[in-house]
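J.: Please read through the structure below; I'll follow up with questions.
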Amino acid sequence: MALLHFIPPSSSSLTHQPSINPTVVNPSLLNPFYKPFPLPQSRRFQRLSSLRCSASSFPEKHRADPAKSDDVVELPLFPLPLVLFPGSVLPLQIFEFRYRIMMHTLLHTDLRFGVIYSDPESGTASVGCVGEIVRHERLTDDRFFLICKGQERFRVTSIVRTKPYLVAEVNWLEDRPSGDEDLEGLANEVESCMKDVIRLSNRLNGKPEKEAHDLRRNLFSTPFSFFVGSTFEGAPREQQALLELEDTAARLRREKETLRNTLNYLSAASAVKDVFPSS
């Protein structure tokens, strides 16, 4: 698949910047063809990442009861150069000795940890997403392959310890009510923009311009907004800003602007291709 240019909103239109860095995200990649990663039938995974984490101290009661926004719990954190959204599926590999020890602990407790975005330039974010291990495989050399699924979001309130692994106290994040906002209308507009991006991308790549059907897959507005954010692969700082928003309408509006900017870019590229077919 050819790479698309991701065109984020301009700085003047941004009402929220990620907690890690207040600068505008540079243009990167957009992947409008995102599909949840299928549970593999073999040991081959498409994305392998080393982890930084700690032994789980997530209370037993929070595995059975729904998370409440005012709950404060201890959670082992995985600082990674990517953003996990609720509902998204993430394959990971663990191979370093200290992290293999951590995995043995997690597999005997609640299977949940915090994935939090981090990079060398901007540091570690304060908002992340719980990843729950839904499948794992232990190899003969004691490495682990994992399939994790994003659950609820959290905000770090304090650091409990940094050694041997990072553990923090967190509370849960939930989107605030959007008032009189027409969330269904906004979600439908975002879906329409996504379809246009896919159609033009197919045209530029010499593929049939087939219309994408049912991108929402019966998702309500909030989980759909997380799904859209998960497709902006290659632009983790923009994804982080979307993850941190606590308003579904604001998240959808930002995603619509991003998709429209990308659509304008693709339209211009398509016009150039029509004039200069060999370019």
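The backbone N, Cα and C atoms fix where each Cβ goes, glycine too.
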J.: Per TrEMBL, which of 25-59, 130-164, 200-234, 235-269 is coiled coil?
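T.: Going through 25-59, 130-164, 200-234, 235-269 one by one, TrEMBL flags 235-269 as coiled coil.
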J.: Find the average pLDDT over the coiled coil (235-269) in the predicted model and report it.
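T.: Looking only at the coiled coil (235-269), pLDDT averages out to 94.
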